[in-house]
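Take a look at what Swiss-Prot says about it:
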BINDING   ARG41, GLY42, ASP98, ASP99, LEU100, THR101, ASP102, THR103, GLY104, LYS105, THR106  5-phospho-alpha-D-ribose 1-diphosphate binding site
BINDING   ASP99  Mg(2+) binding site
BINDING   ASP102, THR103, GLY104, LYS105, THR106, TRP144, ILE145  GMP binding site
BINDING   ASP102, ILE145  xanthine binding site
BINDING   ASP102, ILE145  guanine binding site
Amino acid sequence: MSLPDKAFPVSWDQFHRDARALAWRIAGLDREWRAIVAITRGGLVPAAIICRELGIRLIEIVCIASYHDYTSQGEMQVLKGIGASLLENQGEGVIVVDDLTDTGKTAAIVREMMPRAHFATVYAKPKGRPLIDTFVTEVSQDTWIYFPWDMGFTYQEPIAGGKRG
């Protein structure tokens, strides 16, 4: 499989550094946080890192699926909502975390549930950017990000093609 023209492969090390950078930015806001809501599945890894860095123990998930073929999003469906206690005060004091905002459709659904929550993503694309309060890296809309959990190691043919010298 070849990468698209605007591919952005992210290693585990790079993602960890970027998620910690996001935690630093959130810490710089100097606010009290009561919980993190991770948007599954992409928000699980950065949420774990941010929880650790900020000392937040209460973690919730919201699961929103868009049925797609990895080139276009389909209809959005909430598969698992957010617990009532975190919806109090419209999500005030809650950080909503995802790996990426692309079109902003997922963030818009969660923003309706929690309009006063703080939305944070590691990466942002221009269409989704207005819905996000804090992010680390912006990429163009036509860039495809390959996250480390989507990639695996594969055998690489030797440069010499197996010839012995």
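Note: Cβ is positioned from N, Cα and C throughout, glycine not excepted.
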Name the one residue among ASP99, TRP144, ILE145 whose Cα is closest in three-dimensional space to that of THR106 (5-phospho-alpha-D-ribose 1-diphosphate binding site); these are the binding-site residues.
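Nearest in space to THR106 (5-phospho-alpha-D-ribose 1-diphosphate binding site), counting only the binding-site residues, is ASP99.
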In sequence order, which residues at least six apart in the same chain have a CB under 8 Å from the CB of ARG41 (5-phospho-alpha-D-ribose 1-diphosphate binding site)?
CYS63
If you count Cβ atoms within 10 Å of each one, which of the binding-site residues THR103, THR106 comes out on top?
THR106
Hey, what's the widest CA-to-CA gap across ASP102, THR103, GLY104, LYS105, THR106, TRP144, ILE145, the GMP contacts in the record, in Å?
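With ASP102, THR103, GLY104, LYS105, THR106, TRP144, ILE145 as the binding residues for GMP, the largest Cα distance is 17 Å.
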List, in sequence order, those binding-site residues among ASP98, LEU100, GLY104 whose Cα sits within 10 Å of the Cα of ILE145 (GMP binding site).
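Checking Cα-Cα distances against ILE145 (GMP binding site), the binding-site residues within 10 Å turn out to be LEU100.
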If you measure every Cα to Cα pair among ARG41, GLY42, ASP98, ASP99, LEU100, THR101, ASP102, THR103, GLY104, LYS105, THR106, the residues listed for 5-phospho-alpha-D-ribose 1-diphosphate, what is the largest value in Å?
16
Going along the chain, which residues six or more apart from the residue listed as 'Mg(2+) binding site' have their CB under 8 A from its CB?
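Same-chain residues close to the residue listed as 'Mg(2+) binding site' (Cβ under 8 Å, separated by 6 or more) are GLY42, GLY43, VAL45, PRO46, THR121, VAL122, TYR123, PHE147.
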Over all shown protein chains, what is the count of other CB atoms within 10 A of the CB belonging to ASP98 (5-phospho-alpha-D-ribose 1-diphosphate binding site)?
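Its Cβ has 30 other Cβ atoms within 10 Å.
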Quick one: give me the count of other CB atoms within 10 A of the CB of LYS105 (GMP binding site).
16
Is it possible to get the count of other C-beta atoms within 10 angstroms of the C-beta of LEU100 (5-phospho-alpha-D-ribose 1-diphosphate binding site)?
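Other Cβ atoms found within 10 Å: 23.
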At a 10 Å cut-off from the C-beta of TRP144 (GMP binding site), count the other C-beta atoms across all protein chains.
15
Give me the Cα-Cα distance between LEU100 (5-phospho-alpha-D-ribose 1-diphosphate binding site) and TRP144 (GMP binding site), rounded to a whole Å.
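The separation of the Cα atoms works out to 11 Å.
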Around GLY104 (5-phospho-alpha-D-ribose 1-diphosphate binding site), how many other C-beta atoms are within 10 angstroms of its C-beta?
19
